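Take a look at the structure below.
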Amino acid sequence: MNASRIVGTILTALLAVTLGPWPAGGVEPSDPAPAGPVIVILNQSVDADQVSAEHAQASGIQPDIVYSSAFQGYSAVLSEAQALQLQADPRVSGILPDRPVAAPQIGAVENPPQPAQLVSNGVKRVGALGSPTAKIDGIDERVDADIAVLDTGLQSDHPDLNVVGGADCAPGDGHEDVVGHGTMVGGLAAALDNGIGRVGAAPGARLWAVRVADPQGIITDSSLLCGLDWVTANAATVDVANLSLGGPLRGYDIDCAPPNENLILEAVCAATTAGVTVVAAAGNEARDAGFVEPAAFSSVISVSAMSDTDGQPGGTGPADACIPGETDDSLASFSNFGPSVDITAPGTCLSSTYIGSQYAVSSGTSFSAPLVAGGAALLLANNPGAPPEQVRGALVSSGEPGPLLNDLDGFPEPILNVSRF
C-alpha cells in the first residue's frame, strides 16, 4: 500500500440525521413551543428573508441561517417567550429543535513526501481507465462538470484537487476542511490526472466545498439544510451533489410527492427537482438501507460498498490489507443493503487526497458514493442538463450485473462501470 497516512478502518456515516417530522400544517396552540436552537419553518408562500427580518425587529430574534431555495425558513436560538410568539404567527408552519450530531474520530500517521501518481484499485475497478471522458493518462485535462461535496469541507489548495468555491454552513473558517473526511471524498470523485498523488473517477471536475460540519466534525440539522439550500440555489451550476452522510429514517416518507413529513427529504427533493443529481452513501451498519436517510429517499442514487482488492473483476484478488476477512468482489461486510440501494462501488482500503496536501486510506460507503458521483459527472459532461432520473438510469443500466458474493438480499445492485462515459 503506497499511502502511509491511514485513516480509521471504517468511517461510519458522517451524520446521524435526527430531524423530526416536518409538520404538514400550521403550529397548533397546544403544541409545546421548543426553545433553544431551532429551525423555524415558514409557509412556503412567504419570503423567508422578509419574515425573518420582521421577526428580528418585532421579537428580538437573531436569525442565523435563512433558507429560501429548498424551502422557506430560518435557524435561530429562541427563548420560550420568543417561541410562543412565533407559534401565534400564521406564517409559521413549524418549529423544530436543531439537533447536533458527532462525526467519527479520525486517526492518522505521518505522510511521506509528495508521491507519484497512483490510480487506486477502486478507480480501476469502476472502469475509469477506459472512460473516454476521464482520459486518465497523466495529462491534466479536466472533466467539464461540477460536483458539490456536502461534508467537512475541502482543502482548497490541495495540489490534487480543483476546488473552485463553496459555502460555509457551519461554525468555523470558510469552507476549508480541518477534519479530513470531505477532502478524501472529493479526491475519490475528482482528484486531478496530473502525474502526482491520486486520480478520481472524474479527474479535475470542479469541486464545490459545501461545509456542513464544524471543526470538530459536528453537523446540525440546520447546517445540512443550509447545504441543501445552497445546492438548490446554485442548481444552474452544480451538476452533482455528494452526501457521504446519513442516519435513521425519520417518519415514513421517502418520495417527493407531497405532503412530505421530513424536512431533509423536502430539501433533497428541491435539489433534484431543480436538476441536481444527488448521490448518497447507503451507510455502514450492515442493515437495510431503507431505514437510513437520505439513502432511502427515492430521488437519490443510493450507493453500497463492495470489497475490491485488485481493481479487476473475477473475485481472484488477495485479501484486503486494511480489513481482515473481506473477500475480493464481495459486498463489504459493513455495507448496508436492500431494495433502496441503486448501485455499488468499491469501498474498502481506498486511497485518496487528505488535508495537509497529503493522502490517506480508508473504508466505508462514504467513499463508495463519490466514485458514483464522479461517474455521474462523466455522464453529465457529455449530456449537460440530463435530469437526475436519466442519470440514475444510465448508471444502473451500464453497470456490471450483480449479485456480488455475500449479497444475499435478493436485490442485486450493479457494480458501477463508467467505461462507456
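Residue numbers in this text run from 1 along the chain shown.
Any Cβ shown, glycine's included, is placed from N, Cα and C.
Please treat TrEMBL annotations as automatic predictions, because they have not gone through curation.
Annotated domain 'Inhibitor I9' per TrEMBL: 63-101, in sequence order.
According to TrEMBL, the feature domain 'Peptidase S8/S53' maps to 147-399.
According to DSSP, ASP151 (active site, charge relay system) sits within a strand segment. The active site, charge relay system annotation in TrEMBL covers ASP151 (among others).
According to TrEMBL, the active site, charge relay system annotation covers HIS181 (among others). DSSP assigns HIS181 (active site, charge relay system) to a helical segment in the three-state reduction.
According to DSSP, SER366 (active site, charge relay system) is assigned to a helical segment. What TrEMBL lists as active site, charge relay system is SER366 (among others).
Averaged over the domain 'Peptidase S8/S53' (147-399), the predicted model reaches a pLDDT of 94.
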